[in-house]
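Notes to accompany the following structure.
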Amino acid sequence: MEAFTTHTGTAVPLRRSNVDTDQIIPAVWLKQVSRTGFEKGLFAAWREDPTFVLNDPSYEGGSILVSGPDFGTGSSREHAVWALQQYGFRVVIAARFGDIFRNNSTKMGLLPVVLPGDKVEALQAAVEAEPKLEVTVDLVERQVRWADEVVPFEIDDYTRWRLMEGLDDIGLTLRHADDVATYENGRQPWLPTTV
Amino acid sequence: MGRTLAEKVWEQHVVRRAEGEPDLLYIDLHLIHEVTSPQAFDGLRLAGRKVRRPDLTIATEDHNVPTVLGPIADPVSKTQVETLRKNAAEFGIRLHPMGDAGQGVVHIIGPQFGLTQPGMTIVCGDSHTSTHGAFGGIAFGIGTSEVEHVLATQTLPAYRPKTMAIEVSGELPVGVTAKDLILAIIAKIGTGGGQGYIVEYRGEAVRKLSMEGRMTICNMSIEAGARAGMIAPDETTFAYLKGRKHAPQGELWDQAVEYWKSLRTDDDAVFDKVVEIDASTLTPFVTWGTNPGQGLPLGESVPDPESFDDPVARSAAERALEYMGLTAGTPLREIEVDTVFVGSCTNGRIEDLRSAAEILRGRQVKTRTLIVPGSMMVKKQAEEEGLDEVFKAAGAEWREAGCSMCLGMNPDTLKPGERSASTSNRNFEGRQGKGGRTHLVSPQVAAATAVTGRLTAPADL
């Protein structure tokens with residue numbers, strides 16, 4: 001995956017809560033067997049509304065999505081992450097994320113940033129007042145910065161390190177293949193196989 | 001200090017633990033379906049990797065399949081299903097394709113084969129994998145990157161979630177089901193209430209549930225934000241498993257049961273969070289909005305958004321009413337539906353079909369009514385019991401196994417503006433087809449609603 005250290009760009013305020021992954025990428029888009037082309041399906045139903053924020057030219061080119069709480073709930077579809085990335089987003093900021101979405105994001109190098117609800121609200125308001133406001137998401141310092149604001153965020157050291165190095169989890173795990181083999185030899189004898 | 005059930009199962013599966021890193025967790029069973037796996041197999045091919053344990057992996061076709069006999073008409077769906085067949089053959093994975101006697105929704109067939117057992121770790125590229133926790137294991141949904149990781153290594157790096165107990169006291173009243181209970185729980189704790197937790201459902205009402213009911217509860221854990229839900233195994237669990245194709249036999253069965261009996265939360269264990277709910281006060285529950293937490297007892301009315309103190313909940317309610325085409329104050333019982341769907345990994349099991357048939361026996365449906373068994377095994381059993389004849393006589397459609405109208409990936413969808421009473425798990429905007437409006441209900445309420453054409457409890461008939 002692409003390494004993430006710090007990113008500066010403009011933001012898109014998404015004033016919705018419970019943004020489930022069915023909204024981020026509707027199921028009809030999940031029939032593809034490739035990993036590309038999902039940007040066309042991003043928020044496909046909502047984008048039909050001309051007033052939807054992604055249709056507002058003032059936010060064109062935004063790379064930081066700032067959403068209401070409970071972003072990425074529901075279905076485990078990683079296609080939601082691919083769609084956001086392929087559309088051009090590098091960061092999603094929200095007060096709460098669905099666990100699976102958050103996990104999928106960190107596997108792909110899309111940074112999910114949890115900020116307190118009032119800070120999300122403040123950032124949305126700042127961006128609405130000034131759509132071309134420069135926003136920096138700094139994974140090294142664990143900060144989101146805009147105008148005079150500096151807001152810290154939490155992320156565990158291991159995930160941060162993986163993101164900053166752009167490391168592939170499978171490669172990391174395969175270094176411990178011996179541990180896996182040892183564990184396998186001690187598994188309970190009644191556990192089923194699919195054979 | 002004692003340990004919770006979740007902690008016991010987790011510790012049993014730690015392959016490697018290192019300071020400052022997630023645990024490396026061994027995965028006992030990996031379920032595969034056509035939607036979230038193609039890019040994972042591509043990844044393996046690109047890296048020249050194999051599937052480490054094809055013998056702990058099983059695949060089925062469910063999301064895309066039509067539920068009427070015949071080939072898949074949509075060429076894109078067809079390609080996806082054919083891709084799974086190609087991948088299963090190339091990597092040596094057992095597959096139950098359309099038409100096979102073992103085919104069905106991934107979370108229905110695992111338990112039916114006896115592959116889902118207490119104390120196991122089970123994953124699948126599907127958020128409703130939480131279903132399998134009903135047997136007392138840790139089961140959770142993963143994304144495609146993690147599917148690839150499990151295929152390649154049979155492990156996953158993960159931090160252990162916090163533990164939550166949901167204590168359900170009292171007894172469910174007659175006509176109130178596991179589905180009503182879980183909808184009430186989600187309405188109580190919210191769609192984000194379970195985020196970061198493994199939930200253990202406990203208490204008298206849970207102990208009295210059948211395995212089917214327990215699976216319905218655990219299935220919808222994800223709708224409360226919890227990645228996994230679990231219920232300690234007991235005699236009900238053992239009785240369900242005994243004699244199933246992949247359940248242990250002979251001496252191994254005895255050994256397994258002895259171990260399984262240790263899989264309960266110790267009396268002195270401490271949960272990170274405890275939620276209490278009294279089952280005896282519940283009545284049939286339905287959703288009115290566009291997330292599973294927006295639900296109420298059927299006897300109530302569509303809420304006024306102004307009645308919500310929290311501004312986020314208020315604006316979500318406003319938007320939901322607009323999408324759902326509902327007016328605040330309308331009694332839920334007056335909401336008319338166009339379609340009734342009984343099926344899905346939430347409510348597509350034999351017990352669900354029996355309870356719907358009981359209500360439809362000798363009655364006629366007023367709406368389009370789809371009865372979709374969760375698997376071909378469920379279908380066969382239902383037909384042996386004559387349930388198909390009951391449904392057909394009532395004017396309902398008796399279908400082949402699949403995910404069907406739970407999600408808009410196959411021909412079973414709602415048209416824009418159409419409204420359903422659905423036994424599935426998600427009432428998200430467009431979930432059952434673009435512009436479709438979904439009310440989540442139990443199989444009993446679904447059947448009664450089919451008879452009247454309005455949201456109805458069986459007791460109203």
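In case you wondered, yes, glycine gets a Cβ from its N, Cα and C as well.
What TrEMBL annotates here:
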- B:C345, B:C403, B:C406: [4Fe-4S] cluster binding site (BINDING)
- B:413-447: region 'Disordered' (REGION)
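When the binding-site residues B:C345, B:C403, B:C406 are compared by the number of other C-beta atoms lying within 10 angstroms of their own C-beta, B:C345 comes out lowest.
Secondary structure of the region 'Disordered' (B:413-447), assigned with DSSP and counted as helix (H, G, I), strand (E, B) and coil, comes to 5 helix, 8 strand, 22 coil.
In sequence order, B:D62, B:H63, B:V105, B:H107, B:H128, B:G343, B:S344, B:T346, B:G348, B:G374, B:G402, B:S404, B:L407, B:S424, B:N425 are the same-chain residues whose CB sits within 8 A of the CB centroid of B:C345, B:C403, B:C406, the residues recorded for [4Fe-4S] cluster being left out.
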